């Protein structure tokens, strides 16, 4: 074959990609690689020694670590389940209500429901701690007004309720995100599809179930995966509301707080960056696994509609 | 605007400061500390008092933020830019600095004889042979009570366990006050103000604490389980919803006059004096039977050591000797009521509540918190586990025996006492 005229190397692609690649590598890829590397070493006599997978063997083999780890993972799963069965259905419901053309003041509701999302965790944690406080909180008084005082307990201080309570606080804070995403998805459904459905006699609830819901399923999938990643990286709310020991009796300990105590230490407990990195690696693998399952098993089966 | 002003001021002071150093013939000592709150006391009272007696030595108190102190100190010591005098955290954090050679051995410093062995224990090697910091202050545990409430209900200050519970029952029956202000939400209240407060009476202070370190006693022995059993009895006397009551909640409950008794550490005195509108008194942890020896937790909290790399070691030693003297103790203890000097010479203090606390040193035997020296090192961490288990016992989710067993099992997993 005759030598085709050599095309000049397209430098502009490299140049345009460079800033993003550099920034992303510097603040995401490098620390991640550093963490993975750290988890394979151990501090012996003031120097870092390569120990292979020994830290992971300790994490899973030594009951002092493994009990804490499985407890944190179990709590984290429950935290995620609450979000999936409470936050996302409520988000979809709110979005469906908001997109109804007959609703007045929808812009106000939309903003009001979204506001908690932009609040700092610290504010949310402290505000709810005060609201639920048995001493000065408004919750006991409000419940008294409607005659439900007997149902009030110091939720954040009871082992059996604390985690669920915190999950619901987190749901309150973040319900705006699924609502916004679904709302956008609902608005993007073309009028023709809705009109065609109406011509076929599908209106009201059945219109939502048969026409709109299938069309927003990809968005619900994205929200689920965002919730999953967010929940397994969660830390701030538990830390501000319950402290680093995630009391009572570790009942609100999730992977984030477990990692924090191991990595940075707490009170007299001296931090162990290597064990911390091992836990961080496990968190990374759990999240990676979850995202892969979603991408390869769920995402590929979702049907897309081209309008 | 304010930041600009602040920067300008800081710049100004640094230039002036270095200019001063360059021209003066005097030796200047720098003190590193995390106690930013004490800046005024050092500048206005302590340093002038020292400089008046020791012309030729200038002292600068340069605190950094508590959360950054340990990391910043480590970096400065490594770089050789740390101050001459270093405020010491108790136990392992300072011991580590000593082992790295950053703190000088001051066992033979004149003035060290002013301190008891318990006082020095926080800044000694495990064998007790070398000391590396001068003990400055400790905090004492006990109970602060609302005197008006006690008078109103006709309750005498309890000295024995029996009287203690009788008093609590009486307050509860009356109903005006919550008998005891304590919550379990923050966990450490239950351990520090509960277990470590009343415990020394059962494990006989230093005797039990050192036996535990030597491995002669176990946390599952009756004298270590008994304080947990007492804590379990406290539950009915705490306020409604104590499970979600935080430490500031407890402080407020008491200073607002809604609770009668507050299991306390002496560091509360300063705050309570400014907030409470009623008369307060204090009593030491009640003993089991009348006539028993009483033991109190007199926990060493803060000390001062000499940077081994200091160029002004002689002047620094002069200063440390002064820190070890009764003069320093008097000024310090009066400026910060509730932080008691560890000096053997009794210090005259103005604050009546502080006087009450410190008077227990004469009639009771002092000890420090059992979970700090040596035992506070490993994983799972005994101190942190004690927080969790003390709260569990009060909440009723663990029996005293189960809690003690968990603590001992955790300790056994890493601690092998020297035989």
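We count from 1, first residue shown onward.
Any Cβ shown, glycine's included, is placed from N, Cα and C.
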Per TrEMBL record, range annotated transmembrane segment [choices A:77-99, A:192-214]: A:77-99
Of the residue ranges A:135-160, A:161-186, the one that TrEMBL records as transmembrane segment: A:161-186
The transmembrane segment (A:77-99) in contact with the transmembrane segment (A:161-186), cutoff 8 A, at least 3 CB pairs, sep 6+: yes
